[in-house]
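Asker: First the structure, which I've put down as structure tokens, then a few questions once you've had a look.
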């Protein structure tokens, strides 16, 4: 019996103001857990897989049921402890403590290998939580679309005089994260050719409005890119195929995209990357019968994929790793110069992290889109001079279809997050929205992750692999009163390559919530400024000074 498979279940978060838990502070994690498994949100909900290879919301269906039952009976001064997707304890704490504490996929460093994780996973002792899958704050592809948009805009600013009209981006991967790329590209004014090996993923991105159309062949896809370059009308095109075959073929043909990147699930060479020349059926069968053969074939295929990206880079085309660890996989197989093209964080995003700016997100627990539109307006009211952000919110309302509970992603930083959280809480208190608002973020944030091949690649002081920072972030968020806090390993780049922390806090309209929101939404981004200031980044040191952060080691 497969305890992780149930084809009969359809999970959706409840909507409205009636709750089945004892308070909104426990109803919120309950709804967000269920929302992660909504068929409009999750990649494989019948297997509890939300996104990112095998990123799960719960370890198995029995654990899911026990989590739900535990949340429904949890008292206002109790905390539920969840170990890799299984509820293991309920303890008396206090009303300002987190209602849920989550640890996912954490392994003692010497044993933190994919092989050892897979053995524990098969034994039913662990699950892979990715970043927001096992921490119950995934909001569909919107969760990464603004970060991807900001990256593409910055590439355009640096390399194309700030104008991506008539330019096109080559990428691969249309899963839960990669599926944001086509919409982010067209929002930024560029066209995109996205290669994807699974038809269901192309269909989902077409259905949810993230992808404009599908090409029947590579020739048709290239013709559409050429036409868009002339008309300067941005279009996103999905192509069914294998990136390990398509990328090298484009190099052979002498095709020159304007930007090259990749968001296949290369971090998981067994479950996330189709080997060159294999069918989906063969891949699925061999994942169960001979996973080591799949891993070897996948990583061998990645060498050709990365070599093609290196070839584009050598042509002078802006080429960037988008954080899936594909360079490391290729280097492991002998491609010595795999890291010759940069990751997106050190190349384009780190200046934002130095100011504590990152992927702030919120969801309307009512299920009513109007609640999100009202919060959009509140963001504009409180940040009247941020025209770039206003433009983003306008585009998001027009072009992003909600998946599951209505939600919004909005990159803001220290000094603004707590103001927005307090304003949302006041809206709940005054009845301007129909139910509380849940506020969280990706683990990909300025102070909550250690990932030497992604968020902390090429740190100024060489502290790329120091993982004290996400641990301190999680501890501080617990002390500050976040509603649930998570500490994960392996998200984004795979087992052995990252540690990261998440937090979620509920704005339920009460004065107690206001006090928690003010603490959490100040301290959380402040840890990012602290981390980068400690590494010697002048922008972060200046931000700390302006905001009055007390950083003893940097006292002047």
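Every residue gets a Cβ built from N, Cα and C, even glycine.
Below are the features I grabbed from Swiss-Prot:
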type     : residues                                                           : note
BINDING  : 52-53, 130, 176-178, 196, 201, 242-243, 263-267, 273-274, 322, 492 : NAD(+) binding site
ACT_SITE : 410                                                                : active site
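For each listed feature, how buried is it and what is near it?
Answerer: Long-range neighbours of residue 52 (NAD(+) binding site) (same chain, six or more residues apart, CB within less than 8 Å of its CB): 130, 131, 133, 175, 176, 177, 265, 267, 268, 272, 491, 492.
Taking all protein chains in view, 20 other C-beta atoms sit within 10 angstroms of the C-beta of residue 410 (active site).
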Asker: Per DSSP, to which secondary structure element type does residue 196 (NAD(+) binding site) belong, with helix, strand and coil as the options?
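Answerer: Once the DSSP labels are grouped into three classes, residue 196 (NAD(+) binding site) ends up as strand.
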Asker: Report, in whole Å, the straight Cα-to-Cα distance of residue 196 (NAD(+) binding site) from residue 410 (active site).
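Answerer: So the Cα of residue 196 (NAD(+) binding site) lies 27 Å away from that of residue 410 (active site).
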Asker: Using a Cβ cut-off under 8 Å and a sequence separation of 6 or more, which residues in the same chain sit near residue 196 (NAD(+) binding site)?
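Answerer: Expected: 172, 173, 174, 178, 202, 238, 239, 240, 241.
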Asker: Three states by DSSP: which one describes residue 243 (NAD(+) binding site)?
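Answerer: Reduced to three states, the DSSP call for residue 243 (NAD(+) binding site) is helix.
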Asker: Provide the number of Cβ atoms within 10 Å of the Cβ of residue 176 (NAD(+) binding site), excluding the reference atom itself.
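Answerer: Around the Cβ of residue 176 (NAD(+) binding site), 29 other Cβ atoms lie within 10 Å.
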